[in-house]
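**Student:** Below you will find the structure I want to go over with you.
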């Protein structure tokens with residue numbers, strides 16, 4: 001028994017010595033004294049960080065999780081770069097996808113109206129052509145007053161005061177706003193002129209007479225403006241003054257329009273409604289009492305009001321678009337004498353056509 005107990009004590013003592021020696025080996029104790037890097041104590045998992053996104057992204061099913069820039073061990077710096085590049089690629093991919101999924105803008109309202117009107121005109125022309133042939137189409141257009149109104153208004157407005165007012169305003173403000181304001185004024189003026197002409201046309205019915213007073217008044221007005229346009233063109237000097245200098249007889253239409261715009265629109269406008277109103281008011285009051293207005297009155301008294309109104313508005317539209325797109329450029333090449341002669345000749349031609357019942 002004593003031998004057994006002694007052997008057990010010896011074994012336990014040897015085990016204790018062995019453990020103590022193992023715990024205190026020289027190289028292990030030396031390793032404990034060496035500085036240990038802090039990166040070895042970092043957790044080996046990558047913490048996740050969520051960013052709150054707008055509701056719009058959540059509706060489209062976009063949810064993004066980005067890992068932090070923390071790395072493990074000696075590769076922490078390169079790992080941060082990889083995470084940064086990954087996050088940048090994640091940042092760029094929703095932008096490109098949102099651009100590809102961006103819906104197209106609505107179809108322009110003014111362009112849709114123009115297409116509808118053009119389609120209606122083509123359908124009407126096709127029906128008339130099928131029923132009566134090409135001659136019926138030309139007769140319908142001629143009798144409606146559209147051709148006469150379009151020709152007279154277009155020639156009268158080229159180089160007119162309202163033409164240059166629209167051109168000068170378009171150089172300062174948005175062209176679309178200037179076009180809308182100018183066409184609003186010209187359309188209203190055209191409708192008023194046609195209504196006045198219709199009133200003159202109804203005068204003979206009130207006096208119970210068969211004498212076409214309205215047509216005679218229209219012929220007189222057309223002849224008056226034709227002769228006046230030719231006389232004004234004759235009185236102009238052969239070489240017009242440039243850069244706003246006076247000719248000794250009168251200021252040109254461009255100079256008058258420039259003075260009017262400087263006086264009435266000297267303050268720079270930023271509100272779209274103010275630009276619309278300024279374009280409307282300047283063109284409306286410049287057009288009031290002009291030869292194109294009185295020519296519309298004369299045509300409205302002698303021909304179909306609807307055809308005259310549509311032709312006059314179409315002529316105003318074409319002339320105003322030309323003024324806005326390149327009126328200042330055309331001002332250097334437009335001859336006021338030539339415009340006066342051509343306009344006067346057209347007035348006389350349509351006066352004779354109205355007298356003989358061609359239109």
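Placement of Cβ uses the backbone N, Cα and C atoms for every residue, glycine included.
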**Student:** Transmembrane segment per Swiss-Prot: which of the ranges 149-169, 233-253 is that?
**Tutor:** 149-169
**Student:** Cβ under 8 Å, sequence separation of at least 6 from the ends of the transmembrane segment (149-169): give me the contacting residues as numbers and ranges.
**Tutor:** 178-179, 182, 186, 253-254, 256-258, 260-261, 265, 278-279, 282-283, 286-287, 290-292, 295-296, 299, 303, 307-312, 314-316, 318-320, 322-324, 326-328, 330-331, 334, 336, 339, 342-343, 346-347, 350
